[in-house]
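Below is one structure, written out as structure tokens, with a few remarks after it.
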Amino acid sequence: MSKLRVAVLGAQGRIGSEAVRAVEAAEDMELVAGLGRGDKLETLVEAGAQVVVELTNPGAVMGNLDFCVRHGIHAVVGTTGWTDERLAQLRTSLAASPGAGVLIAPNFSIGAVLTMQFAQQAARFFESVEVVELHHPKKADAPSGTAARTAQLIAKAREEAGCAPQPDATSTALEGARGADVDGVPVHSVRLRGLLAHQEVLFGGEGETLTIRHDSLHHSSFMPGILLGVRRVVTTPGLTVGLENFLDLG
Ligand SMILES: NC(=O)C1=CN([C@@H]2O[C@H](COP(=O)(O)OP(=O)(O)OC[C@H]3O[C@@H](n4cnc5c(N)ncnc54)[C@H](OP(=O)(O)O)[C@@H]3O)[C@@H](O)[C@H]2O)C=CC1
Ligand SMILES: O=C(O)C1=N[C@H](C(=O)O)C[C@H](O)C1
């Protein structure tokens, strides 16, 4: 069987360099290009890349994906910074290139994906919920893509269940003290030397609390998800948001 021809964008970055090693070690894949800032995207076409793993930054990702989709190259995207407007723009370019598939995964680690699933399940049973994400201090964006997605999923589940707004008597606060408001869910961001990527979802009800915590201790936690995404995106045209769609969770 022929190997999947894979390229990595952001190949010298923290997660990109780990992804390069993971693709090189995968028996069913061949790394055909590893590009960094300033490298020409045409290299992807010249190298015959079938799938691009996009791990750059929010300022670069849209241009990179536009190029890939226009050239019929599938993409597995870990880069953060997604908004409804950006997703709509991507759907428009995919509509003009119907064979291409794009997976956007706010988090590639199985534990983080399950955290989001469990949080969605728990959401309707508790009056209060807040998200705390904790990351290394070199992270550019806040809140993390994972925390934003978690809060959105919780908010949707609460809305579908007809939950009342959360109780909160705060009448005066320093700016930022109550976190960022993501669809009505407070999200707090910590940046601390020594950490990698961590998240707690705190639920509160009458006389009880539930905390769901996930810790990524090494970038290797993201690699099985990236490789799964590469294998599945080639047969999944259009836009898929969330690795859970490829995990057969039932
Ligand atoms: N979904 C997930 O599971 C995960 C997602 N991420 C996300 O991945 C992204 C990258 O994170 P991280 O590796 O920590 O960041 P880094 O800054 O370490 O890596 C990003 C790399 O991309 C390069 N780059 C910048 N612009 C371009 C471009 N136009 N084309 C090609 N390469 C470019 C950067 O080069 P230079 O240094 O010169 O700017 C850098 O080497 C972030 O958005 C992060 O949130 C991270 C971990 C897991
Ligand atoms: O920048 C990171 O490191 C990470 N980014 C992603 C995010 O913003 O959610 C995924 C993970 O948290 C690591």
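Placed from the backbone N, Cα and C atoms, the Cβ positions cover glycine too.
Per TrEMBL, the feature domain 'Dihydrodipicolinate reductase N-terminal' maps to 5-108.
Marked as NAD(+) binding site by TrEMBL: Gly10, Ala11, Gln12, Gly13, Arg14, Ile15, Gly78, Thr79, Thr80, Ala105, Pro106, Asn107, Phe108. Pro106 (NAD(+) binding site) counts 24 other C-beta atoms within 10 Å of its own C-beta, drawing on all protein chains shown.
Per TrEMBL, domain 'Dihydrodipicolinate reductase C-terminal' is recorded for 111-247.
DSSP assigns His135 (active site, proton donor/acceptor) to a strand segment in the three-state reduction. Taken from TrEMBL, the feature active site, proton donor/acceptor applies to His135.
The (S)-2,3,4,5-tetrahydrodipicolinate binding site annotation in TrEMBL covers His136, Gly145, Thr146. Within 10 Å of the Cβ of Gly145 ((S)-2,3,4,5-tetrahydrodipicolinate binding site) there are 19 other Cβ atoms, across all protein chains.
According to TrEMBL, the feature active site, proton donor maps to Lys139.
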**Prompt:** Distance between Gly78 (NAD(+) binding site) and Thr146 ((S)-2,3,4,5-tetrahydrodipicolinate binding site) at the Cα atoms, whole Å?
**Reply:** 10
**Request:** Would you mind reading off the Cα separation of Gln12 (NAD(+) binding site) from Thr146 ((S)-2,3,4,5-tetrahydrodipicolinate binding site), to the nearest angstrom?
**Result:** 22
**Prompt:** At the Cα level, what's the spacing in Å between Thr80 (NAD(+) binding site) and His135 (active site, proton donor/acceptor), rounded?
**Reply:** 14
**Message:** Rounded to a whole angstrom, what is the C-alpha distance between Gly10 (NAD(+) binding site) and Lys139 (active site, proton donor)?
**Reply:** 15
**Prompt:** Of the recorded positions Gly10, Arg14, Thr80, Lys139, Gly145, Thr146, which ones put their CB under 6 Å from ligand 2?
**Reply:** Thr80, Lys139, Gly145, Thr146
